[in-house]
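Asks: Take this structure, written in structure tokens, and hold onto it; I'll ask about it next.
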Amino acid sequence: MSSGGLLLLLGLLTLWEVLTPVSSTDRPDFCELPEDSGSCKGNFEAFYYNSDQHQCLEFIYGGCDGNANNFKTIEECKLTCAA
């Protein structure tokens, strides 16, 4: 196979990896943690994975503490936790 063909194959495999949803067996354990706004009084838009609804949802993060099920963007949440 030519080097151009190998690069195309590598590019397609990389794209497939990025676009393929995370399966529940690959999902990190922290995706099962509940929404936790933390103990501070900030008002920051954040996203968490709701394991009952199997989707990423918005919540208000206080800015400190909380847990690892806390993402700045819905895209980051989906790439990490959504199946």
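Any Cβ shown, glycine's included, is placed from N, Cα and C.
From Swiss-Prot, here are the annotated features:
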{"type": "SIGNAL", "residues": "1-24", "note": "signal peptide"}
{"type": "DISULFID", "residues": "Cys31-Cys81", "note": "disulfide bond"}
{"type": "DOMAIN", "residues": "31-81", "note": "domain 'BPTI/Kunitz inhibitor'"}
{"type": "DISULFID", "residues": "Cys40-Cys64", "note": "disulfide bond"}
{"type": "DISULFID", "residues": "Cys56-Cys77", "note": "disulfide bond"}
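Mind running through what each feature is packed against?
Replies: Taken residue by residue with DSSP, Cys64 (disulfide bond) is part of neither helix nor strand, so it is coil. Remark: Cys64 (disulfide bond) has Gly38, Ser39, Cys40, Gly42 as non-local neighbours, by Cβ distance under 8 Å and separation of at least 6 in sequence.
Cβ environment of Cys56 (disulfide bond): Phe47, Tyr48, Tyr49, Asn50, Phe71, Ile74, Cys77, Lys78, Cys81, Ala82 lie under 8 Å away, each six or more residues apart in the same chain.
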Asks: How many of the residues that make up the domain 'BPTI/Kunitz inhibitor' (31-81) does DSSP mark as helix, as strand and as coil?
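Replies: In the domain 'BPTI/Kunitz inhibitor' (31-81), the DSSP-based counts are 10 helix, 15 strand, 26 coil.
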